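What TrEMBL says about this protein:
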- A:65-110: domain 'NADH-Ubiquinone oxidoreductase (complex I) chain 5 N-terminal' (DOMAIN)
- A:611-675: domain 'MrpA C-terminal/MbhD' (DOMAIN)
- A:688-768: domain 'MrpA C-terminal/MbhE' (DOMAIN)
- A:795-911: domain 'Na+/H+ antiporter MnhB subunit-related protein' (DOMAIN)
- A:76-95: transmembrane segment (TRANSMEM)
- A:107-124: transmembrane segment (TRANSMEM)
- A:204-222: transmembrane segment (TRANSMEM)
- A:270-291: transmembrane segment (TRANSMEM)
- A:409-427: transmembrane segment (TRANSMEM)
- A:503-524: transmembrane segment (TRANSMEM)
- A:628-647: transmembrane segment (TRANSMEM)
- A:653-675: transmembrane segment (TRANSMEM)
- A:687-709: transmembrane segment (TRANSMEM)
- A:785-809: transmembrane segment (TRANSMEM)
- A:847-870: transmembrane segment (TRANSMEM)
- A:890-914: transmembrane segment (TRANSMEM)
Amino acid sequence: MLLALIILLPFIGVLLPVWFHRHGRTACAWATALPPALGLVLLFSQAPAVLAGEVRRFSLNWIPELGLNLAFRLDGLSFLFCLLILAIGLLVILYGRYYLSSDDPMGKFFALLLLFMGAMLGVVTANNLLLLVLFWEATSLSSFLLISYWNGRSDARRGARMALTVTGAGGLAMLAGVLLLGHVVGSFDLDVVLASGELIREHAWYPVILVLILLGIFTKSAQFPFHFWLPHAMSAPTPVSSYLHSATMVKAGVFLLARLYPALSGTELWFILVSMVGLITMTLGAVTALFKHDLKGLLAYSTISHLGLVTLLFGLDTRLAVVAALFHIMNHATFKASLFMAVGIVDHETGTRDMRLLSGLRKYMPMTAMLGLIAAGAMAGVPLLNGFLSTEMFLGEAVAQRVLGGWSWVIPVVAVFAKVFSVAYSIRFIHSVFYGPSQPEALPKPPHEAPFFMRAPILILVGLCLLVGIVPNLIIGPLLAAAATTTLASPLPYYSLAIWHGWNLPLLMSMVAMVLGTVAYLNFARLLRLWERLPAVNAMDAFENFVHDVVIVRARQVTGRLENGSLQHYLSLLILGTVVVAASGLWGLERLNGGVPLSALDPPSVAIALIMMVTAIYSAIWHHERIAALMFLSVVGLGMALIFARFSAPDLALTQLSVEIVTIVLLMLILFLLPPRSPNDSTYAHVVRDGLVATSAGIGVGVLAYTVLTRPQQTISDYFIQNSVTGGGGTNVVNVILVDFRGFDTFGEITVMAIAAIGIFGLLDGMRLFDPKKDPNVQWASDKYPLLLLILNMPVLPLALMVAVYIFLRGHNMPGGGFIAGLIVAIALILQYLANGLRWSNNRMQWDYHPLVGAGVLLAGLTGLGSWSFGAPFLTSAHDHFHIPLLGEIELATAMLFDIGVFLAVVGATLLILANLGKLKSLDTASEENR
Amino acid sequence: MELLFAILIAILTGTGVYLLLRARTFPVVMGVALISYAVNLFLLAMGRLRTGEPAIIGSGESYSDPLVQALILTAIVIGFAMTAFITVLALRARGELGNDHVDGYEEHGREPERQRQARNAADNQDGAEGTAGEPEQ
């Protein structure tokens, strides 16, 4: 619980600076310092246990289904990093109070700083890999906001964007690696993962997992070839650089190297990858740092170099290398943070960070100069300072390792080479800024010493450098031992943190580097000329060009090709995709024929099927002649009715027949208002493409149907058949399903139908139309209404209405029902319009169809609600026998009321659609009808 | 019979898809009609092919599957409502746009210049900062 509180404190504390912002800058800083100070107290309360080797754990279920838990652990390694994060954070807050000018929004700055602090604490204490990734991303996001703190500046925005892109991309790779790792181990719990190193290393996925996780680590810790973002992140305020880019965030990468050391290390791939990347980064960073004129640029490359050194140590095959790596992480954090702060003071008090302008500042800021001198000495590895001890250990391990077999001597040689440059840039840092002739007139601001409290954090850090350098065992001996024990997951190898180990090879190498480094600095001008002859690469421009190329140019090409604005193109891709998905499902099938014997062919069925096939193909081939194609289509539709009749579906046959008539009438009406021919606007290639898509879709569906048809059936229909008479009071099971068992579906369906009808009514309102009579390409017949139809129609209406009533009444027991009866009535009424014209019909049918639709849906709904008054669920049906004189015994069910609703809705919707379409037409022909 | 039935479904689907991919609205409507025939037959196939066994209690020994028939019945009626809606939509589109091409403009695969300019202007607003920033300090 205490442990969770340490991580939670900064997150809760985010509100403090925002609140105390209005009470002045000092109050704001004090409030911000509260959470880390409390955190430190809590952390130290755990110190005795943790330093003794205990692991404190805290766990709370979050999303256990995903293996994601709020699990934290505090072991030696976590303790070390927590200490760095909290203590340096506290110093940075103090420093930031004096660094920020009164124009800068301090509340925002401290709030973001606390947010970052919380995320960072989460990374180092997470005991669940997914949780770790989560916090990892949170550090990327909060550092993005911190780097772009001065968001009015273009370089800050661009630097922040680059840092986020690189670390974010690495984070994604790491997430992939972690997911694979979790899959291999079977758990994301760090305790389990760390204990299954053997299993992971022998798994076939190990190389993939390792490379993915290393990608995340290397991007975060600015390792070659991803180092380029760090120098550009220097556009952040200096406290941010001091905190994120020396002590904490960039250390997250090497932290993870240490954290996963027991699980992932120990293979040749690990040693080669980690040590080579570290070696290249260390050398590249050290050499580049010497030639940077910007003080923060120098420190940024120096940081890259030192991170490379730590990475290299984790990649060496000696156990002591890990101890050296952890030791150097601590030392680097202390001296680099203080150097950044010193640069901040120089920048703050002189207005520039350019080493070509700065000179002789010792006279104006003696205290800062002295502190800077000591810190830079630690960076260069001068004896009696902490940097010396870890560098000696590093050189010792560089000599002892055998990573490259016969070529292993390369590593110590390159290490000395890098160290030469490290010494040279350390001397340059101090000499060019604080020594030499003073020339205050060249500076933007008259230089003077900074306030004491701004120097105090540096003083503390430099004091630590000295203390650790002189009495290492006393200060950090136990802490280092605890952290290294955690990382190595075994008892420690023997080592001693003494200052003097006697004359040995590492000491000799150090001395050689010191001498050569001094020589190099003396010849700086000559080296600089050499350096400037190298082709200069602007990482920012290269990166932005790359991103622009990928995101804008390439992406647009891909999008342009897929989304070319043609709906036909989209649809063909969609259908092809569906075919592929369905085909891959069918692929595993051993044989298409499932073994059920095929039923015999009979001549009528074959004839119907053949006619349907031929007419369907004709309608596709001759679709340019729309009326002809529509005729073919209607033949297919009538064939459908026959098929339904053939295969024991009389209800469907009746419905299909009536719907077919209504549909064809509708399409004929529409054709009057659309061009009667389609122009030929598909190229040959398009026709072939569409033909292939259509063929593959057809074959796919056909194969699917055949495979199902030849396999035994399992159905849930038996329930309906058994309960139709007893439960629904009807023998026509299809109708009973519609109005009773699944009445709610039918209710939804007639509602949809009503909505469609009203939608059509809305679409027709205010429609601009082409006058078909003005189309010169079409010859319209000038006949009045056909006489034969007129005469025949007279007896048809009453007959049709009677048939409808009959069909409706018998629907519950025999084929029929509200749907079919409604369609028959609608057809009979439409026939009136067709035969007699709109004017004649409207005079005789003077009602609106909207209320009819509404009444239908309402009646169906009320019938359903009615069952509530009897305490039964929605749409429960009741039925009983009645004796009616003359007609005899009949059975009535409340479902019939529901069916009346269906009937009314169908009649209303159909007529609403068709009559209104007819009216459109009449607008143009009204004058003719009046004649 | 089963094979013939499957071929019929295949041909109805194929012709329906082909018409669906045409450039003008009316063939697309016909394509939708053909595809709904195919789908209804496919649904019927799920209940297997039975002859002379309507799902009317008391009419025989065994019955065809009433559930798929109920599904198809609603599908037919809904299909009609949908066909009506898209035809009227097509009609309205022709009235508003002056043609009956599915994309709303006659030239195949090419946007009218006015639309293209509007889209490009919207695209160029983001990403401009990345390319045209100030020089580094």
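Placement of Cβ uses the backbone N, Cα and C atoms for every residue, glycine included.
Ranked by number of Cβ pairs under 8 Å to the domain 'Na+/H+ antiporter MnhB subunit-related protein' (A:795-911), the listed stretches A:65-110, A:611-675, A:688-768 are led by A:688-768. Look at the domain 'MrpA C-terminal/MbhE' (A:688-768): DSSP puts its residues at 64 helix, 1 strand, 16 coil.
The DSSP breakdown of the domain 'NADH-Ubiquinone oxidoreductase (complex I) chain 5 N-terminal' (A:65-110) into helical (H, G, I), extended (E, B) and coil residues amounts to 31 helix, 7 strand, 8 coil. Using DSSP to sort the residues of the domain 'Na+/H+ antiporter MnhB subunit-related protein' (A:795-911) gives these counts of helix, strand and coil: 79 helix, 12 strand, 26 coil. Mean pLDDT of the predicted structure over the domain 'MrpA C-terminal/MbhE' (A:688-768): 86.
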